[in-house]
Amino acid sequence: MAKTILLLSLVALTFNCLAFAFEPSPLQDFCVADTTSPARVNGLACKDPTMVQASDFSFSGLHIPGNTSNAVGFGAKAVNVVQVPGLNTLGISLVRLDYPPWGINPPHTHPRASEILTVIEGSLEVGFVTSNPENRLISKVLQKGDVFVFPVGLVHFQRNVGHGNAVAIAALSSQNPGVITIANAVFGSKAPIASDLLAKAFQVDKKIVEQIQWKF
C-alpha cells in the first residue's frame, strides 16, 4: 500500500512539474511588456508596475475587417503581446479572421499554441492533419456560432465555402503563438531550400519547384 501511495505521489509530482515547465504561474499580478528593455528573456521584460496604464491592457479596432486583398483572399488582425503589452506572461491571445467568398487561410501551424475558433458570420470549411505516420485529415464545415479546436503544432486551414464574407474569432493559448505558413516556409525561405531537395521530397520535377519558388 505504501509503495502504491509513493508511486502515485511521484506520478502526480511529475505531471505538476511538467505543467509548471510549460506555463509557469505568474509570480505577480501582471508583467506588462517593456518593449524598450534590452533584457533578453523567454518573453519580454516587465514594465515598472507603477508606470502601467489601462492602455497596456486594451486594444481598439477588432470590429474593422482585416485586409483580404491578397492572393489567398484572407485577412488576419492579431491581438497578442505586441498589440497589448499586458498579455505578457498570461499565455493568451486573440485574432480576427476575415475571408471573402472562397478565400482561404492556407495550411499553417502555430508552434507555441493551441487554437479555438468561433465562426461569427458565414460558413467555413476547417480542418487539421494529424502527425506522422497517419497524417489523418480531420475536417468539418462550420456555420455561424460553431466552434472548432486546432491542437498545438498541427497543420490546419480554413476556407470560406459560403456565398458571402465570413468572419471568425480565434483564441490561442500563448501571448505569442507564432505562425508558420507551410508554402511560404518551404518555397519562400531565405535562403531558398535547394530545388532538387524539394523536388525529391514532393516527387515532382525540379523545374516545377523552381517555378513555385520564383512566385514566392
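Cβ atoms are placed via backbone N, Cα and C, with glycine included.
Note that TrEMBL annotation is computational and uncurated.
These numbers come from a predicted model, not from an experiment.
The signal peptide annotation in TrEMBL covers 1-21.
As annotated by TrEMBL, disulfide bond applies to CYS31-CYS46.
Annotated domain 'Cupin type-1' per TrEMBL: 60-210, in sequence order.
Residues or ranges marked as oxalate binding site in TrEMBL: ASN105, HIS110, GLU115. Annotation for ASN105 (oxalate binding site): same-chain Cβ neighbours under 8 Å, separated by at least 6 residues, are VAL72, PHE74, ALA76, LEU97, TYR99, PHE157, GLN158, ARG159.
Residues annotated as Mn(2+) binding site in TrEMBL: HIS108, HIS110, GLU115, HIS156. The Cβ of HIS156 (Mn(2+) binding site) has PRO107, HIS108, THR109, GLU115, VAL126, GLY127, PHE128, VAL129, PHE150 as same-chain neighbours under 8 Å, each 6 or more residues away in sequence.
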Number of Cβ atoms other than its own within 10 Å, given for HIS110 (oxalate binding site): 23
Other residues, Cβ within 8 Å of ASN105, HIS110, GLU115 Cβ centroid (oxalate site): VAL95, HIS108, THR109, ALA113, LEU117, PHE150, HIS156, ALA170, LEU172, PRO177, VAL179
Environment of HIS108, HIS110, GLU115, HIS156, the listed Mn(2+) site - residues of the same chain whose CB lies within 8 A of the CB centroid: THR109, ALA113, PHE128, PHE150, LEU154, VAL155, PRO177, VAL179
